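These notes concern the structure reproduced below.
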Amino acid sequence: MVAKTKKQTGKSPATQTDRDRSPLVSPPGKSNVRRPGREGKAFNSTHSNGLSGIRHKLGLTPSAAAKLGITLLLGKFRTASPYHLTQLFENDRHFSHLSNLEKEMAFRTEMGLYYSYYKTIIEAPSFLDGLHMVMNDRLTEHPLVINTLKRFNLYPEVVLASWYRMYTGVMAYFGIPTKMCWSINRGEGLTPVDSCEGMGDPAYFYVTCVFLLNGMMMSIFFMYGSYLSGSRLGGVITTLCFFFNHGEVSEVPLISLSGYSNVGALGTMVALGISNLCFMLPWQFAQFVLLTQVASLFASYILGYLAAAKMQSILVTHMITLGVCFVLMFGNSMLLTSFYASSLVSIWVNLVFVLFFSIQVMQGLAWVCSTVLLKFLLSTVLGASDDAHISGLIKSKFTSYKDFHTLMYTCAAEFDFMELEVNSVPLSELKFVSLPLKDDEIHNILPFNHLQLIILVYHSLQLMAFAVLAILIMRLKLFLTPHMCIMASLICSRQLFGWIGEKFKQHTVVFAVLAIMAIQGMTNLQAQWAIIGEFSNLPQEELLDWIQENTRPNAVFAGAMPTMASVKLSTGRPIVNHPHYEDAGLRERTKLVYSMYSRMSGETVKRNLMKLGVDFFILEDSWCTRRTRPGCSMPEIWDIEDPQNVGKTPLCTHISRNSRPHFTTVFSNDIYKVLKVPKATKDLR
């Protein structure tokens, strides 16, 4: 039983219910025991006149009343989404009862790395001091000094850190408390920890902002569905589809919605440029989504649905946006050498020399070939290879090619081919209209105006592009599923489904489809709501506490990428590798570090670590023995790069038994073993 005692008040006094709550602490992992004090209270409310009476008093027609109801439903979606996510997050991790260290450990892999820069800025003497620290970072890739704003797309963390500093500063000026802290007795012989709730707590502020932005995302989904279908009911369908399939889209970055912008949705090139800029700055993979967008627009142009002048305007907007992003990213070469940048140039050339490619198929082939050739030419000229692993990953999907970096991706299930699943999305969006070359031919079938036709064609092509990506890499379902939700709104389109009959009949069909969809959808939601657990990682907590108490502040660490993110975040110690794999130099560093899990000699691995300036290596037995499928354990992955040692016992197996003579074990528990690396001599530096 957890005893939660108020330690410090940072907001209004707690109620008796707050003081008495004592949730159960489940063991590490998940628990089916629902904690008390979390249940909401239901109530019934009636009105003597009912809804019809309200409508009569407001003087609304039935149509206006329906529109008002759906608009109010939009507001409900906007508030329900953050609440839904907050409850899922709390139920899964029991975040409100975690110590500051446990909250930081809950941010795993790249999340922990990005959060560490947010933490750096809010803990700095001033915002500008914090910004200078992240732009001259000496901890992330020791001994290098790197500009993390250039390398890691950290603008979201910078913005959130500035908001946090402004919020706490204003609240402190007016003397308004912002958080409440408690002493948590964890039981089981563990020491009590302090836990804080409220927007004054850095971790709470961080996740709350993310959930609030997700609420805005749901509003955008509603508007998108309404716009595409021409009906507010279409917005409801889109939003419900998203909720029903939330488990498939939980990693969708909010700002990626701007990547859906098209010639009809935003109306002006300025809005398109701002939208794309806000999409590219926070996310290193935005360029791949924009590539599919440009490809879909170019295909619309080839098919005759988009005028050449409009296509040129879009290209200019994309080019300007790319240039601005390149400047704001301090000259990140990965932007200029991307397939996205090359495709913009090749499409422009294609438009200029359209007479040479009058045949549609030839235009498409010319675009593909010139994009690929220009991309590799720019990479060669600029000496950039940061995204070479992406080319290797694509190559491995169609051939037997594989190397160390490719296997690091393909051995993970989420980077495999997509499995066949049943989603709670109506099949209407999968019924593609045959796209003839002349507008008048399709106008004879469907009553679309030209703009509506362009939008429908573009979104259909975009959906197909996302489908191809999802089939090749299962993780990219996070693009396909949301777009399917948007396309599902078309079931409410009068132009597409007006043949059903009058609006009442069509709405009846829509609600019938929605009811069928809700069967699997509610099953999905109930499965998520049933997840009850608590974050607990005592071995890592012991490791981080030991590092804080027994190593120098400048001691350098190496190990598995996810663990290194936690070490940097919670201890502030320098590291030599981290989870952000989109850099050629970092990939080679990680490869040297992971030689610990190869079959090389201990002396070779020791020299690799000494060259990197590593003081301590964190060994995890699970990385030595884990095997997702044949050929995918770390020693087997290394066999591709180191065939001369195939068949030998992996070094990590020897080290787990006895670290001498090459290393000295200075800490160990059930999961982690810290090895002290000898100091490098001058000839090794």
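These residue numbers are counts, starting from 1, taken along the chain as shown.
Heads up, the Cβ atoms here are built off N, Cα and C, so glycines get one too.
Going by TrEMBL, these are the annotated features:
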REGION    1-50  region 'Disordered'
TRANSMEM  203-224  transmembrane segment
TRANSMEM  288-308  transmembrane segment
TRANSMEM  314-332  transmembrane segment
TRANSMEM  339-359  transmembrane segment
TRANSMEM  453-473  transmembrane segment
TRANSMEM  479-497  transmembrane segment
TRANSMEM  509-531  transmembrane segment
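Below 8 A, the CB atoms of the transmembrane segment (314-332) and the transmembrane segment (453-473) form no more than two pairs separated by six or more positions in the chain, fewer than 3 in all. It is 453-473 that, among the stretches 203-224, 453-473, 479-497, 509-531, forms the most Cβ pairs under 8 Å with the transmembrane segment (288-308).
Note: the stretches the transmembrane segment (203-224) and the transmembrane segment (509-531) are not in contact (fewer than 3 CB pairs below 8 A, sequence gap of 6 or more).
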